[in-house]
């Protein structure tokens, strides 16, 4: 409780948990280095996310995949685990005197205990990475990218429920604009009469979109929750276990397929090409970059940066594969850009953030007043001393 030293009224400070404190610390006090990091994260994410559907589309042969998508996901997780180990080795070599090595047994055991929650997003990501390939079989790259942007609204709702995040009315309106922009792009985006898995196109599209949006949204929110709840842990420790769990889940899936299809499916390099190798590198880099988003920025910024990548995906898809950029796509992207500007505008700032700043200011003023009450005012001391001297010496004659 914050108590005023004048009226002695008590005000309850805003609720703060370790996760929200970690988020608020990096949201409220934004230094130039943090802004630069955000710019680098957004630029890198736009490039990597924009290329992903293109590479998946290029890896298809006769409308299908000659390789197992699960094997690609397994190799991606292995690549990210190797990166985390290399970074931990680099940090261990450059540690200060007296610091414990991040690769020591005790440090690894402690990190494993603290970050066991990362198994949840790892499982969800394993499912989501497989869904990405399924979506590419029935939608063109630009459409897949726009459908994935539906995650933003679901993520906002999950952040409000799980992490107690607050959004202003303008920010909710911005998210509504985002949905409108996506809907505009989806109008007549699928050929009439087409079908998938024997279902009408409309039914199939709704089913795939529902799963494709819900699973990664849960994964992103749980990932941010797990990373921020152990904010003092090394991000490379957290990446090591997150990607390690992911590799384990994908390997179990490979073993399950081998049981039903035979030992030949254990050949994880079967059917791979240069496009799939580029896809593995691209997705590995994207996953590593995402962990920095979730720990040092936030999920909403990550998803909006992925929205910007839609422009790159649409243009590249038109240039490389001859897909038509419709007026719906142009109008939809325009609405999405307006939505993004409104969401991050200073006018959309939540009022509770300003109240929190006022609480801190009141607390600071009260503490200053307490210090002032503990020590006499130097001006009063000087005047009292001068008055005492004058009384002893008598009245001073004017000069």
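Every residue gets a Cβ built from N, Cα and C, even glycine.
Checked against TrEMBL, the range among 169-187, 302-320 recorded as transmembrane segment is 169-187. Check TrEMBL against the ranges 240-260, 324-344 and you find transmembrane segment recorded for 240-260. Proximity of distant same-chain residues to the transmembrane segment (275-294), defined by a Cβ-Cβ separation under 8 Å and at least 6 residues beyond the stretch ends, is recorded for 37, 41, 44-45, 48-49, 51-52, 55-56, 58-59, 67, 72, 75-76, 79-80, 83, 125, 129, 220, 223-224, 227-228, 235, 238-239, 242-243, 301-302, 305.
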